Amino acid sequence: MNIAAIPSPTTSVWHLGPFPLRAYALCIIAGMVVATLLMEKRLRNRGVAPWTSLDMVVWAVPFGIIGARIYHLITSPQDYFGAGGDPIRAFYIWEGGLGIWGAVAGGALGAWIAARQIGLPLSVFADALAPALPVAQALGRIGNWFNNELYGKVTTLPWGLEIHEMDSANPGHATVIDGEPVTKPELYHPTFLYEAIWDLGIAGVVWLLDRKFKFGRGRAFALYVMLYTAGRAWIEMLRTDEANHFFGIRLNVFTAIILFLAAAVYFVVVRGPREYVVPIDAPSSAEAVAGNASEDVSQVDVTAGGGAAAKTPTAYQVVDEERFREYQRTGILAPVAASSPTGSSAESASGSESGSESESVPTASSPDDKN
């Protein structure tokens, strides 16, 4: 055993009676939970009803897992469909093999479906998720450590990673000879750790810059994509696991470059302040509030007394920050002209017409809304 090295676990699966508990799955679940809680807080700060994040997760997570697996199968088909491959193993997601860009694409599709049902702009969800997603990715990478997989090239650095020879006859456990787990003779770059640290750095940078500049219209998410792909490109070039190559370069490096450029163009071209939302039927006068006195229409101060349960909106409309804060204080949505004498340029940038009420997101319950 090397003294100056990062050890790897010898076991990645435990059993609770007949039920296996796999470290990889537990890490992914932990990442989902943490990301959901972080996203929930950010959504509430933007005016979204409590625990709407769960409605999004119910759709986004299954679609994301399916997309992640499909991406992995497309980019690494030889393990499953090549000579000596086992197609049935394509369904064994607990063994590892989830591609982040397939997860983003599939999750985005699921989130879009949920957003249409909720009546929430997808960009609001994306910007709320932006600093939370890399935290989930960082936790998920710990699962790769337990699996003794996705390590990099041989290194002599003091933080080199020990890798065990895993027992094919006893999946999830290292090969043991004479009572000692067998390790590979050399040390390797802990690329899982590099990416986990990079992801946490992304979360901090996105959170700080979004707090300072109040990005809107999906720009915080575009910033996340730029930062992640920049790191993924160089980390990917350190990895030695099997992957398809294009002109001698790993396919995922090309994917990272293309996505970085696309996100950069989006970030530069698309403009607009942070989007806040209020219920589509938010009252615009004291008389309207009095007419609905039996209902608590505020989705922001859910801890206020009064005993009335918060009403879940059928859809939302985008407003600027000034009108949103006023709605928080009074429960009344001020007219655009009253809160922005200049014609509400902020809301115009968010997709609303100057001098008119903000657009809502169309749902089945609001068929007349514009797309």
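We count from 1, first residue shown onward.
Note that Cβ sites are derived from N, Cα and C of the backbone, with glycine treated the same way.
So that you can see what the record holds, here are the features copied from TrEMBL:
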type     : residues : note
TRANSMEM : 21-39    : transmembrane segment
TRANSMEM : 51-71    : transmembrane segment
TRANSMEM : 91-115   : transmembrane segment
TRANSMEM : 218-235  : transmembrane segment
TRANSMEM : 247-269  : transmembrane segment
REGION   : 335-371  : region 'Disordered'
COMPBIAS : 337-360  : compositional bias 'Low complexity'
COMPBIAS : 361-371  : compositional bias 'Polar residues'
| query | Do any residues of this chain, six or more beyond the ends of the transmembrane segment (21-39), have a C-beta under 8 angstroms from a C-beta of it, and if so which? | reply | 9, 11-15, 53-54, 56-57, 61, 94-96, 98, 125, 128-129, 131-133, 135-144, 146-147, 172
| task | Six or more residues out from either end of the transmembrane segment (247-269), which same-chain residues have a Cβ under 8 Å from its Cβ atoms? | result | 75, 99, 101, 218-219, 222-223, 225-226, 229-230, 232-233, 236-237, 239
